[in-house]
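Just below is one structure, and these are the notes that go with it.
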Amino acid sequence: MEVIIKNSYQEISSLAAGYLLNTVKNKENAVLGLPTGSTPLEMYKIVVNEYKKNNISFKNIKTFNLDEYIGLNKTDKNSYYFFMEKNLFSHIDINWANINIPNGMTSSIESECLNYENKIKKAGFIDILFLGIGKNGHIGFNEPAEYFEPHTHEVKLHQNTININSRFFNKIEDVPKKAITMGIKTILSAKKIVLIAAGSSKAEAISKTISGKIDPRLPASILQLHNNITILLDNEAAENIKDYNFLKVGCL
Ligand SMILES: O=P(O)(O)OC[C@H]1O[C@](O)(CO)[C@@H](O)[C@@H]1O
């Protein structure tokens, strides 16, 4: 695990954007795994700005999003499809046929999940996957559980995730109770993972992710098994890390 700690959210967002842009520059048909949530917002802003300034093309890039709520239309301002369109896809020259986000309005969740897995496999797996992390250690929408769900699946959201995400909705009752998410094996099959976390609310989950026991009750802890992962933290998200001498730490 490579852990990089910077002073600010802005700095880690620039680093994350750099990983994304370099991947696109170096491999014109790269496959990107993309997150939603508040954390990657600045990364997307930087990517869009750089795209406008430089000669970068996303024409042959394929993307797979981590998750989507069940029951929200693409046009719903809280759907992750809408989020991605607003914050990234409508600003770049990506081919819309290359965008993949689980369909939360499908009539068959089982076949949607299976198709999603097959599409990732057919694309040659994800070259670089960006992750946020929930306060409870969730990645994508893989909530704390008794076991790791390997593949893309339907998940029942935990009440604390519903509470936290209710800030985006008019009222808590409007927050969907279920979602479709990539599974843990799907996530680990990415060739490179970049996890971004900012703020002290993530500090406990981050210290357990980095040096806690690998435990499905803290889903991100499984990332210890990935052989090419970079964790980008601001000082606050890093404040609970006690002993990282065994890690390759870049602290600038
Ligand atoms: O970046 P935020 O808004 O703190 O969200 C953290 C996590 O929560 C989710 O948005 C889902 O609740 C994830 O997609 C994200 O990784």
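The backbone N, Cα and C atoms fix where each Cβ goes, glycine too.
Note: TrEMBL annotation is automatic and uncurated.
According to TrEMBL, the protein has these features:
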type	residues	note
ACT_SITE	D67	active site, proton acceptor
ACT_SITE	N136	active site, for ring-opening step
ACT_SITE	H138	active site, proton acceptor
ACT_SITE	E143	active site, for ring-opening step
DOMAIN	17-227	domain 'Glucosamine/galactosamine-6-phosphate isomerase'
Please list residues from the chain of D67 (active site, proton acceptor) whose Cβ is under 8 angstroms from its Cβ, counting only those at least six apart in sequence. T36, Y80, P102, G140, F141, A179, I180, T181, M182
For D67 (active site, proton acceptor), which DSSP three-state class applies? strand
Near N136 (active site, for ring-opening step), which residues of its chain come within a Cβ-Cβ distance under 8 Å, counting only those 6 or more away in sequence? E143, P144, H158, N160, T161, A205, L218
Averaged over the whole of the domain 'Glucosamine/galactosamine-6-phosphate isomerase' (17-227), what is the pLDDT? 97
Just how many other Cβ atoms lie inside 10 Å of the Cβ on H138 (active site, proton acceptor)? 25
Just to be sure I understand the packing, how many Cβ atoms besides its own are within 10 Å of the Cβ of E143 (active site, for ring-opening step)? 22
